[in-house]
Ligand code: HGY
Ligand code: MN
Ligand code: MN
C-alpha cells in the first residue's frame, strides 16, 4: 500500500457526523450540546464508545478533556488530531464535531490498512471550546496547556449559575487520567465558519493563525421607575445605557474599519417589563482583531464609551473580563505540510487567518500546531443552517490523514 494513495471512507465520515448530530438535535434542525449539559454528556458517551470501538485507549483528564490514543511503534510524543463536541445553543453539525470525527476517520483508515505508525496518534475532544455557557472559550485546551490552573477553571460559574466543577462531576467526566505528556504536532480540521473559501471557490483553507479575542461582561445598574410618570431627566435607565453602548460599539468598530469586529451578543434587562424603566442590564461585548495593537485600541474605545455612557445616563457600570487571548501564529512547517499535501491531492488552497477561536490556538503554546479549513455554505456558522458539502468534508479529512501520516510515519511513502 503506497501511503500517499491512502484515502478515508467518505460515507463512513458523513454517517459519523450525522450520528453525533442526532445527539442534542433541535426540533427545527441544528444542535444544542452546551458544555457539560446532559445532551453534551450523551455526546461524550457516544464519542467514548466510538473511540473504544476503534481500539483506542481512552483517557479523561481532570477538566474533562477526552483523549483516544492509538499506539505507535514507539512511545514518543503524540501526533494529536482534535477539536470539540460542545456547541453553542443554536449550533450546527460541523463546528468542532468535524475535527474530532475526522480524527476518528483517520484512525479507522489506519486500522483498515493495518498501518502501524512510528508515533502514537491521539484524537482529542476538548472541554468547553465554545465558551457559550462557561467563559472563557477554549477552556479545556487552555487548562491542558497550563494556561489556567485547574482549580480556577473548576470554580468558573456558568451563565445559568452553575459551578463548572460541579457540572463536570454531575455528568461523570471529572477525569483522573493524564492527557498525552508530549505532543509532536497538533492538527485541527474545522469548517471555516466564514464566506472566504466558498466565495473564492477554494477547497482547502491553510490557516496561518487565529485573531485576538477580548470578551467583556458589563453589569449596568440604574433605578427602576414607572415608564409613564418618570420624566426623562430623572431616569437612571439601565436599558437605555445598554442600548447606547451596543450602538456605540457598532459605531467605533465601523470607524476603526480594517479587520476589526465587535459583537454585542447578549443583553439581559431586569425586570424586563414593558412599563418599567430597567434597573439593571447585563451585556457582553466581543471584540476581535488579528493585530494585537489594534485590538487594544478597540478595547480603549470601549472603556471610553463605558465612562461616557455611565456619566450621561447616571448609571454605574461594572466590567468583568470573560476572555482575552492574543493573536496566535501557527507553525510554518506544519502550514507548508498542509499546503503541500492538499496540492498533492489535487485540491485548491488558500492561506487565511481564522476569525473564530479554536483549541489549536491553545495547543500552539506547547507544540507545533496548525489548522485545515473546509468551506462553509453561505459562510454561515453558529446557526442551525450551518452546512458543509460531503465532498468538502472528505477533502479535509484526506488532508488530515496525509499530514498525520507524514508526521507519525516519516517514511517517503513506501509500503507501511
Ligand atoms: O467564539 C469563538 O470564536 C469560538 O466559537 N469559541
Ligand atoms: Mn469550533
Ligand atoms: Mn464555535
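Glycine is treated like the rest: Cβ placed from N, Cα and C.
TrEMBL names 84, 190 for binding Zn(2+) 1. Of 95, 199, the residue it gives for the same site is 95. With a cut-off of 6 Å between Cβ and the nearest atom of ligand 3, the binding-site residues 84, 95, 130 reduce to 95, 130. Secondary structure by DSSP for the domain 'Peptidase M20 dimerisation' (209-312): 43 helix, 35 strand, 26 coil. On the backbone, the CA of residue 382 (Zn(2+) 2 binding site) and the CA of residue 95 (Zn(2+) 1 binding site) stand 8 Å apart. Neighbour density around each Cβ, counted as other Cβ atoms within 10 Å, peaks among the binding-site residues 95, 130 at 95.
The 6 Å Cβ screen around ligand 1 retains 130 from the binding-site residues 95, 130, 190, 382, ordered by sequence position. Close to the recorded Zn(2+) 2 site, the chain also has 87, 88, 91, 92, 96, 132, 193, 356, 381: residues not among 95, 130, 382 whose Cβ is within 8 Å of the site's Cβ mean position.
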